[in-house]
Structure formats: structure tokens, C-alpha cells
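Taken verbatim from Swiss-Prot:
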| type | residues | note |
| --- | --- | --- |
| MOD_RES | Lys14 | N6,N6,N6-trimethyllysine |
| BINDING | Asn123, Thr173, Lys177, Arg295, His327, Ser379 | substrate binding site |
| ACT_SITE | Lys175 | active site, proton acceptor |
| MOD_RES | Lys201 | N6-carboxylysine |
| ACT_SITE | His294 | active site, proton acceptor |
| SITE | Lys334 | site 'Transition state stabilizer' |
Amino acid sequence: MPAQTESKTTTEFKAGVKDYKITYYTPDYKVSDTDVLAAFRMTPQTGVTPEECGAAVAAESSTGTWTTVWTDGLTQLDRYKGRCYDIEPVYGECDQYIAYIAYPIELFEEGSVTNLLTSIVGNVFGFKALRALRLEDLRIPACYLKSFWGPPHGIEVERDKLCKYGRGLLGCTIKPKLGLSAKNYGRAVYECLRGGLDFTKDDENVTSQAFMRWRDRFLFCAEAIYKAQKESGEVKGHYLNVTAGNCEEMYKRADYAVKLGVPIIMHDFLTGGFTANTSLSNYCRNNGLLLHIHRAMHAVIDRQRNHGIHFRVLAKTLRMSGGDHLHSGTVVGKLEGDRAGTYGFINLMRQNLIYRDRACGVYFAQDWCGLASLMPVASGGIHVWHMPALLDIFGDDTCFQFGGGTLGHPWGNASGAVANRVALEACTQARNEGKSLVKYGADIIREACKYSRELAAACDVWKEVTFNFDTVDKL
């Protein structure tokens, strides 16, 4: 059906309700380089056409409302409205469509991820004409992207700060996540760091509870870091979680981390919010702190294939808001993760120029305009047998974040850390020598066991541990 357009400034106002597609479905529209583009997966209600649904999404996420209003005549509607410019069916799915929508850049506040998401996804997901709606991808134009500071430092600066090159980084989340005293917590940190890990981490649940107040934890962790650094000669760190109930308290904790001289802090960016995260990122940039970002609550938003927001969008907006690390799943571990989709979003976290690649779920090319890179963190149910696959999938510019795969070693935390480090270095060396990690990964680990009793013990404990479940959200 040919598009119908209407200029409110030249047409006499008529009260009433009219179809969204009259104004907001514009298949002849030529996308501008300054437009923010969005790809939505739509599932219309029975009897509702995809054109009407796509137009409704464009309207409700920009200038439209459910009825004609006379104040439309006081502005240039054609200048400010969102436009559904293309709709395509989803292959293999019944009654699902991808709607492509263009938004004028004037609709968004500069440097505000909060405003961007409030506009695009803030209200339209509850629209009754849709059974389900999912934001699959965004294209951020260069002129808008340049209003964001992005990550505090980025991968290259982080490696310079740590003086660590040519291999992936290793971390460990301290377990049990809740219940330890600050002193015992610090002891666990020390054992992991002296064994060969680069980082240890507060779990996202750990903030400042009665059994371990934040100030005590910070002190004992700093003591562990300095002791391990002195013994190993390597720079070490612990992700001190500064997430708090208000921003004033968050800054107080970050200030204390600066006074202690530690290299990195942590924030839960979804539960803490984008406004707090952007503010904390700016603080870290100004005070020389690295910022580790945890994605607690993400699966509530991104796991269902038909409704919500894909993680690639969350990763994109986090790179704009700011962070040096971001948890990104593992594919092979205990958490949800599709291999092709994971390739797509770890590339957009690290690279400067991303090309459209529907095989990896990337709907739009994206030029990051030199914005600093974001290091993926592979975390969740991983152990030494996973190391070849992890290195093959993620490459060197990644932090491999163990938990039980370090602390569950039969000889203790330090031995678990040794096993992790030996496995990583063995796989890195084999890859550098031209061996296929996919084909020979298990053989590489077995060969390394001959030279490390700690790795051999770890391999024996976890030789039959797998997480073979079907992926809910896959391409």
C-alpha cells in the first residue's frame, strides 16, 4: 500500500482517531546519516497488520499518541516523527516481523543513554496491538555518538596500567558470594592472586551487609592485593563493588578505593541505572580507576527471543555510558549464550568499525568514531577444560572470570589459580604455534597436565562437568 503523508501545519485540524500508518509508515523514506536507527522484532495481535504495528511503534516511541491532537499543528511533525521505513518477515517464524525505524537525532539529549532508552523503549513495549516486541539492534550516528565519553580507559590503556600483554586476563569471583567475614574474604582474595590470577571479584550481591561492611572488605582486599603483588611481582586487582542505594554513597565508596590505591572498582549497571553508571564512569576516568561492569538483571530483559531487548543493545549502550569490562557470557558455561550472537556483540564491544552481519545478529553497520574499547568478561560455570574453547571464541582481549572453577580445586584457591594460569598459557602458546584449539584443545590441556600437578588435579575433578542445554535465544 503506498504511503500516505500528512502535514499538520497545512491541514485543518480534525479531532478523532486515525491509523498510525497514515503518518508513520513511510516505505519511501531515505535514511539519513544523522538518524538513530532501530530494528524491532514485532509479533502483532491477530488481525493487526505489520504495517500498522510498525507505524504504531514508530509513533509511540517518538511524537505520536493514540488520538489526533491540535498541538501537532504547533510543530513540524515531519521533522520530529519516527518513521517505520521497512518491514520484513522473520524467516522460519509465524507472524513475526522486523520493523526498521528511523528517529531524527533532534529527539535525543546529547550524552544521555538514559534519555535514548526512555524514548525508544520506555513506553511502547506495553502497547496492546502487539503480542510481543523486542529491540534487536540500534545504529547510533557519528554526530550523536561524539557526545558520549564512553569507557573510562579502554583495553589498550588497561594493558598499559597492568603491564600485561599477549594473553587473556584471569579473574575469580569469590565464593560463597554471601556470608564470609571481611577477614576471611580477604584471605580468599590473597590465595587466588598469589596463585597467578590477575583479578578477583566481588559478586554482584556483595555491597555492604551486616556480616561484611564495605569499608572492612575494602581494607582486607587491599591488604591482599599488596601482599600478592609483592610476592608475585605482578600488578593485581580486586573488583570492589561500589554499587549502593544512592549516588552519594557510591561516590563515598569510590573515594575510599582511590585512597587505598587499588586499580579497579565495580558497578552493577542495570540495577544501578545508566545515569549513575555514566557518572561513575566519568569519576573513574578522572581518578585513574578501571571500571568493571556487572550485568545483574540482564536476563530479565534480554533472554526471551520474542520480547525485551537483545544483549547487543545493552552492550552498545554500556559502551556509550562507560565501563572498561562487561560480562558477556561464555557460550560453553552455565549461562545462556548463543555462539553466533556472542561473536556479534563481543566484536561491537572491542572493534571500532562493525559491519552489518545478519548471521551474527548485527542489523546495522556501526562506526564507533574512536570511542575506547570495552573488554568482554567470560564468566559463569567455566573450568580448565573450557579454556581452549574460551580462547578460540573470545581471543586475548578478554578476562576469563572463574569462580567455582578456581575455588573448587581440591587443594585450595591458590592451586585452583595455578591450574587456571597454566591452562591459559598452554592454550595461548599452542595457538601461537599454529595449533587448532578446536581440534586439539583437549590434547593441549592433557599435555600441560604433565608439567602441573595442580592442573592435573583440576582436570580430574571437572572432567565430566558440562552444561549442555538448548539455548533459548539463538539466531
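Cβ atoms here come from the backbone N, Cα and C positions, even for glycine.
Less than 8 angstroms from the CB of the residue listed as 'N6-carboxylysine' sit Gly171, Cys172, Thr173, Ile174, His238, Tyr239, Met266, His292, Gln401, each of them six or more residues away in the same chain. Taking the recorded positions Lys175, Lys177, His294, Arg295, His327 in turn, the residue surrounded by the fewest other Cβ atoms inside 10 Å of its Cβ turns out to be Lys177. Farthest C-alpha pair in the substrate-binding residues Asn123, Thr173, Lys177, Arg295, His327, Ser379: 36 Å apart. Taking Cβ-Cβ distances under 8 Å and a sequence separation of 6 or more, the neighbours of Asn123 (substrate binding site) in its chain are Glu60, Ser61. Taking the Cβ of Ser379 (substrate binding site) as centre and 10 Å as the limit, one finds 26 other Cβ atoms among all the protein chains shown. Annotated pair Lys177 (substrate binding site) and His294 (active site, proton acceptor), C-alpha to C-alpha distance, rounded: 14 Å.
Here the C-alpha separation of Lys175 (active site, proton acceptor) and His294 (active site, proton acceptor) works out to 16 Å.
Annotation note: Asn123 (substrate binding site) sits in a coil segment as assigned by DSSP.
Taking the C-alpha positions, the distance from His294 (active site, proton acceptor) to His327 (substrate binding site) comes to 6 Å. There are 24 other Cβ atoms within 10 Å of the Cβ belonging to Thr173 (substrate binding site).
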